[in-house]
Amino acid sequence: MDQLVDGEALTKVLVLSLVFGAGVPAVFALGVRALAPVDGTTSVLRRSAAYLCFAVCAAAVVVGVAKLVIGSD
Amino acid sequence: MARIVGDVDGIPLLVLVVVTALAFDFTNGFHDTANAMATSIATKALRPKVAVLLSAVLNVVGAFLSLAVAATIAKGIVEQDAVTMSVVFAGLCGGIIWNLVTWYFGLPSSSSHAIIGGLVGSVLVAAGADGVIWSGLASKVIIPAVIAPVAAGFIALTGTWLVYRITRSVGSGARESEFRWGQIGSASLVSLAHGTNDAQKTMGIILLALIAGGELPADAGVPVWVIIACAGAIGLGTYLGGWRVIRTLGKGLVDIEPPQGLAAETSSAAVILVSSHFGYPLSTTHVASGSIMGSGVGRRTPVRWGVARRMVVAWLITLPAAGLVGAGAEGIQRLLDGAAGTLVVLAILVAASAGLWLASRRSAVDHTNVNDDWTAPDRPASVPA
């Protein structure tokens, strides 16, 4: 902790935050798009894809909560 | 350290410090409800009363989740030897008064900066410049405060742009209802993280006071009653809701749609959780405000830069202003040595808090008018017609 900014840690924080912070909403949006009816119906395939997307988002939330419980290192 | 016992009798002062710390914890919850819930309230994903209740419960749960950062408050920022109970009391006064002033003006300023500023100010008066670890203040507080909102804003901008790009073929009606559900999830995560991080700051302060007062050995953990009291104080504060700040963040800065709210809150949650994993404690306020601004830019809606400017000014002056109050409070205690000084400071604290509360009644913001259209951009709130 000699220098004021630890560049390497900062880069890690920024990249990981970007992956989760922008990636999760994007996956959620993909789910919403898959669920939207095409010609009045939503196929089983699209429906499954949508639920998979939402599951990925839910998993990200679980990882977040787990991080809180374990705490920072 | 001998001062502690010498001043006011140890136990009354200790009780006073603990109660004041809980009062700070209360203003902390009160001031920061907006960080998690402002966008959900603005997009009507949750009714205002439901939003603050959910946030309060999650803050309480969050307070019990982990004790990893308790007792780290001000460690590495002020010299521990310089911290006596009167110093802690003066610092808390600085934090509380500044939190209430910014709440009155509806400004989302950082509660962490308020308490750190208050402590630094009172240590400066008590022990001089040597009592403050300036490099720690720069690397742990000032630099993250500059980087965090910009990073959060950029991430929210990216997320918002992606969300709108991906869903542009979807009808807005269906889209909105699903995104409202997503928003509830992301806002809940921010509330939980807030409870974990911020309630622990107060636990740390109370622990510090208990150790300084000789009630606990130096290596003691946080007693259960302290955890319960801090969780309760922050939860109660959150439930009462700083509606004035919620209004500024939810309605004042940008007009928020559900997909945008989801992107902003997810960005906040990601930045807070990732950075705390790497040991950078950030201000949830700075992150949330940055995210909301970024989401506005990402959707290409006008950001009310006048409101943003006022907010940034509040961020810049939070440390020195709370420091000034903390320094003044410690100065009074030094001048009127002993119980008299502490009582005078207590009287000023109570009078200032009551005064600000009374002043706020004249243009009250609550759950009924928090979502009114933003008509007077230069004023914190307007009374509904």
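Glycine residues also receive a Cβ, built from the backbone N, Cα and C atoms like all the rest.
Residues or ranges marked as transmembrane segment in TrEMBL: B:12-30, B:50-74, B:86-106, B:112-134, B:141-164, B:222-241, B:312-332, B:338-359.
Ranking B:12-30, B:86-106, B:141-164, B:222-241, B:312-332 by CB pairs under 8 A with the transmembrane segment (B:338-359) puts B:86-106 at the top. If one looks beyond the transmembrane segment (B:86-106) by at least 6 residues along the same chain, the residues whose Cβ comes under 8 Å of a Cβ in the stretch are 3-4, 7, 13, 16-17, 20-21, 23-24, 27-28, 30-31, 114-115, 117-123, 125-126, 205, 208-209, 212, 242, 244-245, 247-248, 252, 310, 314, 318, 321-327, 329-330, 333, 341-342, 345, 348-349, 352-353, 356-357, 359-360, 365, 380-381. Taking every listed stretch (B:112-134, B:141-164, B:222-241) in turn, the largest tally of C-beta pairs under 8 A with the transmembrane segment (B:12-30) is reached by B:222-241.
Packing against the transmembrane segment (B:112-134) from elsewhere in the chain are residues 24, 28, 73-74, 76-79, 81-84, 86-88, 90-96, 98-99, 102, 141, 145, 198, 201, 205, 281, 283, 285, 315, 318-331, 334: each is 6 or more residues past its ends and has a CB under 8 Å from a CB in it.
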